[in-house]
């Protein structure tokens, strides 16, 4: 079937609402949301499809200075997203002041030579008046010319349809095949791992979360019983973090497991049996083999 087709990269510094935006577009939870930076590790690809369009949305990790091999992976994911994109959404949140991170991303956009760049003003409801939003747009327009500016509230799903219709103006017509759809389907293991990691980010102390990875050890689905048995391991960098993750009498690991299980049940609409273990891999973010085993690609 011929439809308007294209790839849209959602970019911006950490915690400006990129994950909330893609979740609002898809009307389901596909990208983890937390008040801590680096909560989106992979460039998550999700397909939006309606009667006349098929759009791949790529939710990128936030750009930041690399301090280990995992950080290099994160920044590489951003570069790939820019290269593939037909349209770039630059997200600027009204609850955050402009910073050097914003302008570094703008420079990356300019280096990519992409013409179809849309400024998305997120959390527009936070601004006390329209003048503050206009001033933000004016500041950013000094550095890059945007094709359009859309004010949204992703949390309250305001102007999301307007944004989608604006994006469609910059798409080309192409044949959409089953292969195209299959190509962008995320692996279940990735969704499960990110769901567990979100609960780690939400519940653990600040010194632990970004040294946390999640490995899916076993995944068996019984279609007849609509029952999914999952065994996973939370990977941490230091032995001293293990008691924190497990908690007193196992209280913390139980809390993480119960919350993740509830979330997975809502996503997959099936009975979930989830068992989580804790493993220590010293400095795993510096170990290529471990980083790759957790599903992250390393830039050579």
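Each residue, glycine too, has its Cβ placed from N, Cα and C.
Between the listed ranges 4-11, 12-19, Swiss-Prot ties the annotation region 'G1' to 12-19. From the options 59-62, 63-66, 67-70, the stretch Swiss-Prot describes as region 'G3' is 59-62. For the region 'G1' (12-19), the model's pLDDT averages out at 84.
Reduced to three states, the DSSP call for residue 124 (GTP binding site) is helix. Taken through DSSP, the region 'G1' (12-19) splits into 2 helix, 0 strand, 6 coil.
Each residue in the domain 'KH type-2' (204-282) gets a DSSP state, and the totals come to 32 helix, 30 strand, 17 coil.
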